[in-house]
Amino acid sequence: MLLNKLENFLQNASFLTLFLTTVFYWIYAAFYVETNVKTKKIAFDTINQPFFLLELAKNIILPKYFIAISNILLALLLLVRWEKSGHFPLSNLYESLMFLSWCSTFLFLIYSTSFTLIVDKILGSIIAPSALFMNAFASFSLPKEMQVSAPLVPALQSNWLMMHVTVMIISYATLIMGSLLAISFLILNILLNRSFITNQPNSMFKNILLNLDSLSYRIIGLGFPFLTIGILSGAVWANEAWGSYWSWDPKETWALLTWLVFAIYLHSRLTKGWQGKKPAIIASLGFLVVWFCYLGVNLIGEGLHSYGFLN
């Protein structure tokens, strides 16, 4: 009973902190005007802006505190689920979404140490609501019976559960973050080319585009090995559980398609020397493929990987 109450508290608290993180990052994005990367000083347009919003926006550390608190709350929630169920909390869609939300916030905190302030603003304004969406979908949209931790089916009663599923979800979170940077690059590039942005020097936005492109490449380059290891470990586990390394199950097929999309992305950058728009388009396609591989296949509810999710 105590664990149930604690789990419910952590679920609601993580949702609230992610909501506040989203609000603060959006305020930071809306009222931010100029960044001096060398001195880390922030300039704000103080005309016709509510005082309290301005003060919140000036404190750019505040959203970082809230996203760190959200990360801790999500970690505690997963630990409580682990204690309740007696197995690693990745056996159903609810736990999977919560773990993906935790991975997204954790990786953002790690990667943000190399972000400039404006890239931090852009990606934080995207990652925070993304993690909030995952949390809200798991907490409020999934039926209650899908949120309850249940005993593992025989095929999942293996040490490979922690190895394979954890690595796959880390790869999803990393690839999603890198793809979001690529999508941000495309949007900003379109706005710049169509002269929607005219009140700042072009050199400033060109530097931002270079940063987005470089960080997208580096983050996807980190996520791709995780995806590769996840697929290989899944094949070994499949052979133990089902007697075959590969069955062309919908999940396996889409995982392979995801791998191929990002392999093409990295190949185009490493061997063809592509930069900027072309690889960003490939990464944007990868964003859609990753989400369908992770969530869409499970919503279909077919194949060997459907248990524990919708069936």
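Note: Cβ is positioned from N, Cα and C throughout, glycine not excepted.
Note: TrEMBL annotation is automatic and uncurated.
Summarising the annotation, TrEMBL assigns transmembrane segment to 12-33 (among others).
Annotated transmembrane segment per TrEMBL: 65-82 (among others), in sequence order. Long-range contacts of the transmembrane segment (65-82) within its own chain (CB-CB distance under 8 A, at least 6 residues past either end) are made by residues 3, 6-7, 10-11, 13-14, 17-18, 20-21, 24, 88-89, 95, 98-99, 101-102, 105-106, 108-109, 124, 127-128, 131, 135, 149.
The domain 'Cytochrome c assembly protein' annotation in TrEMBL covers 90-305.
Summarising the annotation, TrEMBL assigns transmembrane segment to 94-111 (among others). Beyond the transmembrane segment (94-111), the same-chain residues lying 6 or more positions past its ends with a Cβ under 8 Å from any Cβ of the stretch are 14, 18, 64, 67-68, 70-71, 74-75, 77-78, 81, 123-124, 127, 130-131, 134-135, 137-138, 142, 146-147, 149, 165-166, 169-170, 172-174, 176-177, 215, 219, 294, 309.
Annotation comment: TrEMBL describes 123-141 (among others) as transmembrane segment. Counting same-chain residues at least six beyond the ends of the transmembrane segment (123-141), those with a Cβ under 8 angstroms from any Cβ of the stretch are 11-12, 14-15, 18-19, 21-22, 25-26, 28-29, 63, 67, 70, 74, 93-94, 97-98, 100-101, 104-105, 108, 112, 115, 147, 176-177, 180-181, 184.
Remote same-chain residues near the transmembrane segment (161-194) are listed as 87-88, 90-91, 96, 99-100, 103-104, 107-108, 111, 119, 122-123, 126-127, 130, 152, 202, 205-206, 208-209, 212-213, 215-220, 222-224, 226-227, 229-231, 233-234, 237, 255, 258, 262, 276-277, 279-281, 283-284, 286-287, 290-291, 293-294 (criterion: CB distance under 8 Å, separation of at least six residues from the stretch ends). Per TrEMBL, transmembrane segment is recorded for 161-194 (among others).
Distant neighbours of the transmembrane segment (215-238): 111, 114-115, 119, 158, 160, 163-164, 167-168, 170-171, 173-175, 177-179, 181-182, 185, 244-247, 252, 255-256, 258-259, 262-263, 265-266, 269, 279-280, 283, 286, 304; these residues of the same chain sit at least 6 beyond its ends, with a Cβ under 8 Å from one of its Cβ atoms. The transmembrane segment feature in TrEMBL is assigned to 215-238 (among others).
Summarising the annotation, TrEMBL assigns transmembrane segment to 253-268 (among others).
Residues 93, 100, 169, 172, 175-176, 178-180, 182-183, 185-186, 189, 213, 216, 220, 250-251, 254-255, 257-258, 261-262, 264-265, 268, 309-311 of the same chain lie 6 or more positions beyond the ends of the transmembrane segment (280-301) yet place their CB under 8 Å from a CB of it. Marked as transmembrane segment by TrEMBL: 280-301 (among others).
Here the transmembrane segment (253-268) has Cβ contacts under 8 Å with residues 168, 175, 220-221, 223-224, 227-228, 230-231, 234, 274, 278-279, 282-283, 285-286, 289-290, 292-293, 296-297 of the same chain, all six or more residues outside its ends. Computed over the domain 'Cytochrome c assembly protein' (90-305), the whole-number mean pLDDT of the model equals 82.
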